[in-house]
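Residues annotated as [4Fe-4S] cluster binding site in Swiss-Prot: CYS120, CYS123, CYS211. Marked as motif 'PP-loop motif' by Swiss-Prot: 45-50.
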Amino acid sequence: MSDVLSKKQQFSLKKLNKSLRKSTGQAIADYNMIEEGDRVMVCLSGGKDSFTMLDILLELRAAAPIHFEIIAVNLDQKQPDFPEHILPEYLQKLGVDYKIVEEDTYSIVQDKIPEGKTTCSLCSRLRRGILYRTAKELGATKIALGHHRDDLLATLMLNMFFGGKLKSMPAKLVSDNGEHVVIRPLAYCKEKEIEAYAKLKEYPIIPCNLCGSQPNLQRQVTKNMLNEWDVKFPGRLETMFTAMQNVVPSHLSDTALFNFKEIDKSSGVIDGGDLAFDKEPIKHHTEDITPIETQYYQQHQAVKIKQLT
């Protein structure tokens with residue numbers, strides 16, 4: 001990060017840091033993500049989200065009433081022109097324990113996936129397997145991923161549009177192989193705050209030229225839609241995320257979640273009866289949004305949306 005920031009930038013950085021720490025700390029507490037004696041493997045991709053996650057977790061650890069370890073892990077997938085020196089230099093300067101895992105998944109993906117097809121599915125499966133193995137080797141008790149609130153919302157929309165499910169990314173889960181606990185400490189954090197924070201911190205961002213840059217991904221299209229909503233209808237994403245934490249099974253249609261067959265007059269009114277829409281507005285904490293972060297997002301993200309449409 002530059003040694004010299006303007007007073008306005010310093011103020012914005014302080015506000016963003018406070019907001020991100022608060023959101024991350026709240027998510028950790030709500031889901032009991034980190035416990036006494038944990039060894040947390042922080043998956044560092046080189047993107048803005050994982051840099052921010054590592055930064056905030058280190059700060060929270062310094063002030064936490066419990067003791068836990070942090071080790072940063074990066075998977076070098078041998079993509080062409082991958083700058084191998086950046087992360088080791090950054091982590092050494094930061095003074096954090098780390099491990100670089102070298103696995104040529106790039107060649108496997110290129111060999112198996114036809115040209116023009118999205119590579120994310122195979123790439124993510126290979127990456128998960130390697131990270132699970134590494135966590136076991138390191139004795140990690142938790143695996144921390146850098147997905148944020150907007151990722152959770154995009155996944156919810158993707159599953160609704162293309163999977164026929166009301167399903168998102170959980171903030172905490174057991175890994176596919178049943179051997180690890182995976183956590184998402186940034187689950188409550190807004191992407192636009194992370195983006196503004198990373199810009200001010202001047203992290204050495206490493207772009208993903210394997211999957212993240214593919215413009216035809218359904219996920220990217222869905223995120224663009226959500227970003228457009230956020231610009232046109234401020235507060236909509238906050239309301240959507242609140243809905244994910246305020247599920248009413250009796251007013252959905254999943255018989256596995258609610259026993260509709262047993263309902264009769266003696267059951268009484270359940271969760272408001274036949275009110276299909278509760279008109280009481282959701283209150284948002286918009287005062288936590290910093291002016292510089294909002295201005296940066298509106299100027300840059302609106303341009304991206306316009307270009308895509």
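For all residues, glycine too, the Cβ spot is worked out from N, Cα and C.
Tertiary neighbourhood of the motif 'PP-loop motif' (45-50): same-chain residues 74-75, 86-87, 146-148, 186, 191, 194-195, 198, 203-206, 208, 212, selected by CB-CB distance under 8 Å and a gap of 6+ residues from either end. Taking the Cβ of CYS123 ([4Fe-4S] cluster binding site) as centre and 10 Å as the limit, one finds 20 other Cβ atoms among all the protein chains shown. Mean pLDDT across the motif 'PP-loop motif' (45-50) comes to 96 in this model.
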